């Protein structure tokens, strides 16, 4: 993520930090201790050297402006890096969320879903509100991983010449998917344990028939815990820098796609929107993120109903009643009483 941080610093960070924490402040009474601690005595993270510009990648060079040298917190200050990554993940996470979820809502999501008997009253505003509450906390918890990466603790590499062996730069993609799919399966399944389900994972299962805006509507610890494998991967396996940025974007888009209700992938391998709809409806199935492999091996795979893949039956009231009956039976076991407030048929007609 040093590429992203360099772009941020060049166009935003340098000016902001030079204005808020100008170099002249380093001579005041209160700042030297914090500055010195950040720049010279953090043995856990390694001592920081005076800032000298080095491009994050060989692909392009962003020559720093004068503002890069006018802050008491230079670019390589650990506190500045932490704050920058917190803001980057939070701000751009929200931007990507609204753009991708809105486009999916407009062009993909079937609006007649609001007529489903398990669609909640004011559901989409509640999904957005939950996301807005969770994003800053998830960003705060994610930032330490990114700081450790840019300070040299990860196995990120820049050019193909640096790959560990030939064709690894191609292999890294399926390896990333395989590793994170395995880890997220077990984390997600663990979140369904009765001891923690209601406090951590139930907020995401509030949405029985999710919209694209439910994609990031988690309890913050739930959303963060399922993202941990993505950030752990480059500390265990080599990963090309630009590939990491690409995968970071892909993950966010994929999360929206599996909540868009467009059941295109009737695949025995891909854990697409249909599989994930089965999970939201019936709780104890299809915990995987990308594939059905670990659900099959773990005995939790449930094949999506064939009716979901046919337009004439997907939104059929008889199919909805069948789904509702089974869902309510399972819900009593998982949650007990249902405290959700559903949209009435009259209200649903107004929303269409």
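Even glycines carry a Cβ here, placed using N, Cα and C.
Owing to the predicted nature of the structure, the values given are computational and were not obtained by experimental measurement.
Positions annotated as N-linked glycosylation site by Swiss-Prot, on the basis of sequence analysis: 39.
As annotated by Swiss-Prot, transmembrane segment applies to 82-102 (among others), with the evidence given as sequence analysis.
Sequence-distant contacts of the transmembrane segment (128-147), counting only residues of its own chain at least 6 positions beyond either end whose CB sits under 8 Å from a CB of the stretch, comprise 1, 5, 45, 78, 81-82, 85-87, 89-90, 93-94, 97, 203, 206, 213, 216-221, 223-224, 227, 231-232. The feature transmembrane segment is assigned by Swiss-Prot to 128-147 (among others).
With a cut-off of 8 Å between Cβ atoms, the residues of this chain six or more beyond the transmembrane segment (167-187) that come close are 160, 225-226, 228-230, 232-233, 236-240, 243, 247, 287-291, 293-295, 298. Marked as transmembrane segment by Swiss-Prot on the basis of sequence analysis: 167-187 (among others).
For 174-299, the entry in Swiss-Prot reads domain 'Fatty acid hydroxylase'. Confidence across the domain 'Fatty acid hydroxylase' (174-299), taken as the mean pLDDT and rounded to a whole number, stands at 94.
Among residues of the same chain six or more beyond the motif 'Histidine box-1' (188-192), those with a C-beta under 8 A of the stretch's C-beta atoms are 200-201, 222, 225-226, 283-284, 287-289, 298, 300, 334. The motif 'Histidine box-1' annotation in Swiss-Prot covers 188-192 and rests on similarity to another entry.
Residues or ranges marked as motif 'Histidine box-2' by Swiss-Prot on the basis of similarity to another entry: 201-205. Away from its own ends, the motif 'Histidine box-2' (201-205) comes close to residues 130, 191-192, 214, 217-219, 222-223, 280, 283, 335 of its chain (Cβ-Cβ under 8 Å, at least six residues beyond either end).
Summarising the annotation, Swiss-Prot assigns transmembrane segment to 231-251 (among others).
Below 8 angstroms of C-beta separation, residues 205, 207-210, 258-259, 261, 263, 286-287, 302, 304-305, 308 of the same chain, each at least six residues beyond the ends of the motif 'Histidine box-3' (276-280), sit close to that stretch. The motif 'Histidine box-3' annotation in Swiss-Prot covers 276-280.
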Helix-strand-coil residue split for the motif 'Histidine box-3' (276-280), DSSP-based: 5 helix, 0 strand, 0 coil
